[in-house]
Amino acid sequence: MLYLLGSVLLFSVNNVLWSYFSEQLPTLVIIKKRAVYTSLFTGLLLIGFVYFQVFEVKLEEQIQLLGISLIGCLGLVSLVKGFKNGSLLQFAFYSLLLTFGLGIYLEGTSILSQGLNWLSLSLVAVGYVYFIWVQFKTKQRTRNYLAHLYFAFAHLCFGVLLLLQWEFLESVSQLNMAFTQELVVLSATSLLVLVHQPETKISQKIAWWQLALFSLPITLAVLLGLEGLKSTNPFHSALIGLLTPIFTLLLGTLTKQEHLNLSALPGLLILVLGMLLFYLM
């Protein structure tokens, strides 16, 4: 569980950094440039582990990992499209739907048979929706139904991805999976940038060392997330993942990039109470 919490915290750091770089370059260009360094970091680690025979890389497994990673890449592109057409509120709804869908699919018997689980997960849902609604209801309000299609497809891809990754982590290393995933993202976004050729917002380029530092949190977040997924299951990964927008907001408040609406705090407290009841009782 600590791996998942560490992953969520690092994803939140990445989101705060993302808000800074997104003002300078188009989304696909940022993803492509970041993927160069995430692929480099994970690739160098992978070479080192293979060289010292910590584990081996099999061609058949790599082909399977490529297919799995393509599903994740489709989800990422759809998610980007969703945010261009919709809002964080819509995204939050589908994140919650995915979490409880995975919970019923993977742990339906234990959840349905224990009243305390129902209570704790209900508190998580209520607290999450309340916090997101109060904090972000005045931002990016939209009635664009196309966003619902993008977000629904993205979360469908992420759900399938989590289930497949969970299954493959029994025989494949987290590092190999992370490297393949980042390599596919780099290849796909490079192709999309080449085809669409988006115009940059400013002429000044981002220094390579800034991009390298920007890529470190997401690299570690992916590795910790896979380790946490291996030791738990996709339901717990998605449930803890609900904390990501909240941690992002809190970090953004500390760096003065966001403003925390104090009226949203009861939602945060209810959510935390629900998670504590679920995991400690």
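Cβ atoms here come from the backbone N, Cα and C positions, even for glycine.
Summarising the annotation, TrEMBL assigns domain 'EamA' to 147-279. Taking the domain 'EamA' (147-279) as a whole, pLDDT averages 87 in the prediction.
Annotation comment: TrEMBL describes 6-23 (among others) as transmembrane segment.
Sequence annotations record features per position, and here TrEMBL assigns transmembrane segment to 35-55 (among others). Under 8 Å from some Cβ of the transmembrane segment (35-55) lie the Cβ atoms of residues 173, 175-176, 178-179, 182-183, 185-186, 189, 211-212, 214-216, 218-219, 222-223, all in the same chain and six or more residues away from its ends.
For 61-80 (among others), the entry in TrEMBL reads transmembrane segment. Sequence-distant contacts of the transmembrane segment (61-80), counting only residues of its own chain at least 6 positions beyond either end whose CB sits under 8 Å from a CB of the stretch, comprise 27-28, 31, 91, 150-151, 153-158, 160-161, 164-165, 168, 171-172, 176-177, 180-181, 183-185, 188, 192.
Annotation comment: TrEMBL describes 87-106 (among others) as transmembrane segment.
Summarising the annotation, TrEMBL assigns transmembrane segment to 118-136 (among others). Within the same chain, residues 87-89, 92-93, 96, 100, 103, 111-112, 239, 242, 245-246, 249, 260-261, 263-275, 277-278, 281 sit at least 6 positions outside the transmembrane segment (118-136) and bring their C-beta atoms closer than 8 Å to a C-beta of that stretch.
Look at TrEMBL and you will find 148-166 (among others) tagged as transmembrane segment.
Per TrEMBL, transmembrane segment is recorded for 178-195 (among others). Residues 28-29, 31-32, 35-36, 38-39, 42-43, 45-46, 62, 65-66, 68-70, 72-73, 76-77, 219, 222-223, 226 of the same chain, all 6+ positions outside the transmembrane segment (178-195), place their C-beta atoms under 8 angstroms from a C-beta of that stretch.
Sequence-distant contacts of the transmembrane segment (207-226), counting only residues of its own chain at least 6 positions beyond either end whose CB sits under 8 Å from a CB of the stretch, comprise 3-4, 6-8, 10-11, 13-14, 17, 21, 33-34, 36-38, 41-42, 165, 169, 174-175, 177-178, 181-182, 237. The transmembrane segment annotation in TrEMBL covers 207-226 (among others).
Residues or ranges marked as transmembrane segment in TrEMBL: 238-255 (among others). Counting residues 6+ beyond its ends, the transmembrane segment (238-255) has Cβ neighbours under 8 Å at 1, 4-5, 8-9, 11-13, 15-16, 19, 88, 92, 95-96, 98-99, 102-103, 124, 128, 131-132, 135, 159, 162, 228, 268, 271, 275, 278 in the same chain.
Beyond its flanks by at least six residues, the transmembrane segment (262-280) meets 1, 116-117, 119-135, 239-240, 242-243, 246 of its own chain at Cβ-Cβ distances under 8 Å. Annotated transmembrane segment per TrEMBL: 262-280 (among others), in sequence order.
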